[in-house]
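I have placed the structure first, in the form of structure tokens, so that the comments after it can refer back to it.
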Amino acid sequence: MAIKKITIVGAGRVGEATAQFLVKNELCRELVLLDAQEGVAQGAALDIQQSAPLFDFDARVTGSTNYELIADSDLVVITAGKPRKPGMSRSDVLDSNLPIITDIMNNVMRFAPQSLVMIVTNPVDVLTYHAWRHCGWDRARVFGQAGVLDSARMASFIAGETGLSVKDISAMVLGGHGDTMLPLIRYTTISGIPLTHFLDQQVIEKIIERTRHGGFEILRLRQTSSAYDAPAAAIAGMVDAIRHNRKRILPCVAILQGEYGENEVAMGVPSVLGGDGLERIVELPLTEEEQEQFKHSVEAIRTDLAHLARA
């Protein structure tokens, strides 16, 4: 699929930052920012459009509350929803964000039925599954952003501890986007060299815990807002892989249909991202301990899915 038009639903901090990344990196020709609150998307779009001469991009940016403008979108990125507050988990916002995603998907199905859909709204694992079940589309077309961000956070922490270039660090995080995520140390390297060659286990464990709580750390420090620059950069990285059909292996929230021994659940797993969306899931060999941790992450998501079923 040639990505020409992208819609971002939700013109909050993540949505606006994502729009900036996309146009500055020339990842679309037309971008629509949509928000339920009148004036928010329009103002953000106008601000971004006026930076075009300074950043030298030609994309046309439009803000609106009208879903009719999303017609012919190749990709819809959903960032809308109630944000977390200090002390809240990602699951705590499920009740508020479930009807928001349902309404958005109804409009996407009506006005952009040919599009790919990327879910960013938390809890992203549960809401990705809900969006997929609600629309009934092929799983390649509905996926979530989480693992790219979590892996980037882990890589940045590793760079800080080792003093080495983050460009040479390859980190891999599986599982849910939260406390049960599974940073895979065996698959984390620096220029192909295992991480354990550079750091002892105590430091690695500290990095793992900091990665698991990376979003909360920012929320605790800022108080009034959660992370938005790094999530937006992660979204842009995924869009780049799709737009340019790069066939990159990135950790994405994908619908599992037998992979890793699981069905009917959305989880963060290594996936091939290309022009057709999430084209393939890569199954990594896991140790017995890693399998147990992965299963624990699945069970945590299934708990939220059971709550969703009762909603």
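Glycine too: its Cβ is placed from the backbone N, Cα and C atoms.
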Item to check | Further binder of NAD(+) named by Swiss-Prot next to Gly10, Ala11, Gly12, Arg13, Val14, Gly15, Asn97, Val120, Thr121, Asn122, taken from the candidates Asp35, Asp103, Asp138 | outcome: Asp35
Checklist entry - Where does His177 (active site, proton acceptor) sit in the DSSP three-state scheme? => result coil
Checklist entry - Between Gly12 (NAD(+) binding site) and His177 (active site, proton acceptor), what C-alpha distance do you get in Å? => result 20
Next on the checklist: Considering Cα atoms only, can you say which of Gly10, Asn122, His177 is the nearest neighbour of Arg153 (substrate binding site) among these recorded positions?
Outcome noted: His177
Next on the checklist: What's the number of neighbouring CB atoms sitting within 10 A of the CB on Asn122 (NAD(+) binding site)?
Outcome noted: 27
Checklist entry - So for His177 (active site, proton acceptor), how many other CB atoms are inside 10 Å of its CB? => result 28
Next on the checklist: Helix, strand or coil for Val14 (NAD(+) binding site)? Use DSSP.
Outcome noted: helix
Checklist entry - For the binding-site residues listed here, Gly10, Gly12, which shows the highest count of neighbouring CB atoms within 10 A? => result Gly10
